[in-house]
Amino acid sequence: MLHATVLPILLWLATLAYGFDRKEFLVDGNELPGFTKLKNTKHWTVPKMYAGHLPATRDNDTQYFFWKFENKKTKKNDETPLIIWLNGGPGCSSMAGALMEIGPFRLNKKAEVIKNDGSWHMRGSVLFLDQPVGTGFSYSKEDNEVSELDEVADNFMVFLQNYYATFPDDKDRELILAGESYAGQFIPYFTKAIIKFNEQQRDENSKINIKVMFIGNGWLDPKRQYLSYVPFSLEKGIIKKEDPAFKDILKQHETCQNYINSDHTGHSELSYPPCEAVLGKIISQDKTQCINVYKFDEYDSYPSCGLEWPVDTKFTKQFLTDKKVLAALHANDERSWIECRPDVKLENIKAKPAIELIPSLLESGIELILFNGNKDLICNTLGIDNVLKHLQWEGETGFTDEVQIFDWVYRDDLKSDKEKVAGTVKYERQLTLITIEDGSHMVSYDKALISRGILDMYYDDVLLVHRDGKDTLISSKDGDIDGYLEDDKSQDENKDNESEDESEDENDSDDESDGKEGDKQENKPDDSDDESDEEDDDEDEDDEDDDDDDDDDDGDDEDKKGDQNSHPSHGDMNGGLDNDLETGGEYYQDEDEEGSNFKAFFLILSLVSAFIIVAAFYISDYIKSRRHPILVDGDGRSRLNKSVTWASDIENGSFDIEDDDPEFGTEGMEDNMELEDVFSIDEEDEEQLEGVVPESTRKSKKGSKKKGKYFSVPNDDSAEDIELQDIERH
C-alpha cells in the first residue's frame with residue numbers, strides 16, 4: 001500500500017528535479033538530407049521536430065530516445081491528440097515507424113527525406129519512442145536490462161512523466177498509444193499502468209487523458225496465434241498437403257501443441273521456441289527462395305525470408321548512421337543503429353500475455369482498435385480472429401449478433417467517384433476490428449493513406465453511406481467531412497434557389513403578356529421598379545454564390561501563397577526554420593489587398609451572414625442524416641457499432657476449424673485451449689496414415705474428424721530450419 005502511494009510521488013519529484021528545457025530538443029531540419037527541398041502542400045506540411053533522450057528510470061541511468069513531429073498549423077491546447085508510436089520485437093526501433101510507416105518522411109535511394117502523404121502528423125503530434133532499453137538509440141549507462149513487461153511499463157511511466165514535464169502543452173491532449181506487432185504486448189501493459197496512475201491522483205488535472213489503444217497486426221495471445229500458422233497457410237495456399245515438407249510441418253506443429261499443453265512453471269508464456277520452428281518450416285521449403293513472412297504473396301531469397309524487407313530498411317540505416325543526422329537529432333552515437341537488436345530480450349517468466357489484460361481495460365472504458373493487413377503471415381488475420389472468438393468481455397464472448405458490418409473504401413477526393421477498396425470494419429462493446437485489403441505486417445508502409453483512415457474513423461472524419469444494401473465508410477486524404485458536407489448542402493440549396501428564380505421569372509412574364517397595352521404603358525414605371533428589384537435579388541444571390549466560390553478560391557490561393565512565401569529560394573526551403581527554430585518557422589502570408597472597398601466588403605459580409613444563418617438549420621439536419629460518429633462516445637460523440645470480417649467464410653479444405661465440431665480431442669489442453677482452433681486430419685487422409693501411424697492411435701469412424709497422431713517421414717534432404725528467434729515481430 002505504501003509502495004502504491006509513494007511511487008507516483010517519487011516519479012513526479014524525479015521529473016521536477018531534471019527540469020529539461022524543450023528548446024534543447026529542437027531539431028534543425030536543415031541538417032537532414034533532402035529537408036530543404038520539402039514544400040508545404042494542401043495535404044502535407046513541413047513538421048516541427050523535437051528529438052533526444054529523456055530518463056526512463058528515477059536514477060537517470062536509463063535513457064529513452066524519442067523523435068516527435070508536430071504539425072506547424074497545430075495550435076496550443078487544441079483537440080488534436082498526442083500519438084506515441086511503438087514498434088515491436090521486442091528490440092525493434094520505432095525509428096522504422098517514423099521513416100517507413102506513419103511519420104511525415106520517407107527516404108529515397110539517396111537516403112534523403114521526402115514527404116509521406118499518409119503521415120499521421122497531419123492529424124496530431126506523433127512521437128516515436130525507442131524502448132525497451134537497448135532498442136534503437138535508447139541505452140543504459142550501467143547496462144541495466146529489464147526482463148519483465150511490468151518493468152518495461154514502469155520505465156515507460158517514468159519517461160512519460162519526464163516528457164510531460166518537458167512538454168507541458170501536451171499534458172491536456174488526448175494520449176493515443178499506437179503500435180504494431182509485439183507492441184500488442186507493450187500497449188495493454190502501458191495502458192494498465194496509466195490507469196493505475198490516474199486512480200492514485202486526487203487532482204483531475206494530474207491525470208493522463210487516455211481513451212484508446214491502436215494495435216496493428218498485434219501479437220496478443222501467443223498460444224492461439226502460434227496455432228494459426230498451419231491452417232492459415234493451408235487456407236491461403238502457402239502450403240499444400242501434397243508438398244514433400246508437409247508431413248514434417250505437421251510433426252513440428254504437434255510438437256508445438258504439446259509444448260503449449262505442458263507445464264510452463266519457470267518458463268515464459270509469451271514465447272514458445274517449438275512453435276516458432278513451425279513458421280520456419282512453412283516459409284522455407286527449399287534453399288533457393290522462401291516466403292516473405294511479413295507479406296506472404298512475395299518471395300525472398302533464402303535465408304532472409306523477409307528479414308531485409310522492406311527495401312527502405314537499408315536507406316533508413318544509412319540515414320540514421322549519418323553523423324550530421326545524429327547530431328541534429330541529439331542522438332547518442334556510441335553504437336550503430338540497427339532496426340532490431342537480437343540482444344534485447346524479455347524473459348517474461350512472471351508476465352501473462354497481454355490478452356489477459358484486455359477485458360478489464362475494455363470494461364474500464366478504454367477503446368481497443370485492432371487493425372490487420374490481410375497479407376501478413378507472422379501475425380495473421382486467422383490468428384486474431386481466433387483470439388477474439390474466445391475473448392470474454394462485458395459479459396459476452398467474442399462478437400455477438402449485435403455487431404454491425406461496414407465496408408470501407410478510400411478516395412483521394414470525396415467529391416470524386418474514384419475509390420479504392422480499403423478493407424472492412426467490425427465493432428462492438430468498445431472493440432474495433434479492422435482489416436486492410438492487401439496490407440502487409442507493416443500496414444502503413446504499403447497503405448499509408450488508407451491506414452490514416454483508422455484515425456479518421458476514431459475522430460468521426462469518415463462519411464457513412466448506404467449503397468447496394470450495405471453500409472460503407474468512406475475515408476479521404478484530407479479527412480474534411482465537415483467541409484464536404486457543407487459544400488454539398490450549399491450546392492443543393494443553390495440549385496433549389498435557381499429553380500425558384502426561374503419559376504418566378506416565368507410567372508412574371510406570363511402576367512405581363514396578359515395585360516393591355518395601355519395598362520403596360522401606364523404601369524411602366526412600377527414594372528421597371530419591380531424588374532429592378534428582381535434583378536437586385538438575383539444579383540444578391542449571385543454575390544452569395546460568388547462569395548462562396550471566392551472563399552474556396554481564397555483557400556486554394558492561401559495554400560499556394562503559403563508555399564511560395566514559405567520557400568522564396570532553394571536556400572530557404574524549410575519555412576524559415578533556420579531563422580526561428582523555436583517558433584517553428586511560422587508561415588506568414590501577405591494580406592489580401594483585393595476588396596479594399598469597405599462598402600462592398602460590408603455588403604457582401606451582410607449577405608453572407610444572412611445566408612449562413614438560414615443555411616445553418618438545414619445543414620444541421622443534413623449532417624445528422626448523413627454523418628455518423630464512429631467508435632467512441634462521450635465528449636459529444638455517440639456510439640456506432642460497426643463490423644466487417646476480412647477473412648469471411650474461412651475455408652481450410654479438409655482441415656476443419658469449426659468451434660462446434662465434437663470430434664476434436666482436447667485432452668491435455670490447458671484451460672480454454674482447444675484443438676479445434678488448429679485443424680484436424682479428416683477421413684480422406686486415412687489411407688496416408690496406414691502403415692505410418694499405428695491404428696490404435698487413430699480414430700476411423702465414418703465421417704469422423706480426429707486429432708489423430710501427426711506423422712512424419714524422415715527427410716534428410718529437407719531444407720535447413722530457419723531459427724525464428726531471428727525473425728522479429730517488428
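All positions are counted from 1 along the displayed chain.
Every residue, even glycine, has its Cβ placed from backbone N, Cα and C.
Keep in mind that what you see is a predicted model, and the values were worked out from it rather than measured.
Annotation source Swiss-Prot lists active site at Ser181 (among others). Ser181 (active site) carries neither a helix nor a strand DSSP state and counts as coil.
The secondary structure of Asp376 (active site), as reduced to three states from DSSP, is coil rather than helix or strand. Within 10 Å of the C-beta of Asp376 (active site) we count 27 further C-beta atoms, all protein chains included. Taken from Swiss-Prot, the feature active site covers Asp376 (among others).
Taken from Swiss-Prot, the feature active site applies to His441 (among others), supported by sequence analysis. Taking the Cβ of His441 (active site) as centre and 10 Å as the limit, one finds 29 other Cβ atoms among all the protein chains shown.
Marked as compositional bias 'Acidic residues' by Swiss-Prot: 498-514 (among others).
Summarising the annotation, Swiss-Prot assigns compositional bias 'Acidic residues' to 527-557 (among others).
Residues or ranges marked as compositional bias 'Acidic residues' by Swiss-Prot: 579-590 (among others).
Among the features that Swiss-Prot reports, compositional bias 'Basic residues' is placed at 699-709.
The annotation compositional bias 'Acidic residues' is assigned in Swiss-Prot to 717-730 (among others).
According to Swiss-Prot, the region 'Disordered' annotation covers 475-590 (among others).
Annotation source Swiss-Prot lists region 'Disordered' at 684-730 (among others).
Per Swiss-Prot, the feature topological domain 'Cytoplasmic' maps to 621-730.
What Swiss-Prot lists as transmembrane segment is 600-620, and the listing cites sequence analysis.
Between the C-alpha atoms of Asp376 (active site) and Ser181 (active site), the distance comes to 11 Å. Rounded to a whole number, the C-alpha distance linking Ser181 (active site) with His441 (active site) is 8 angstrom. In the three-state DSSP classification, His441 (active site) falls within coil.
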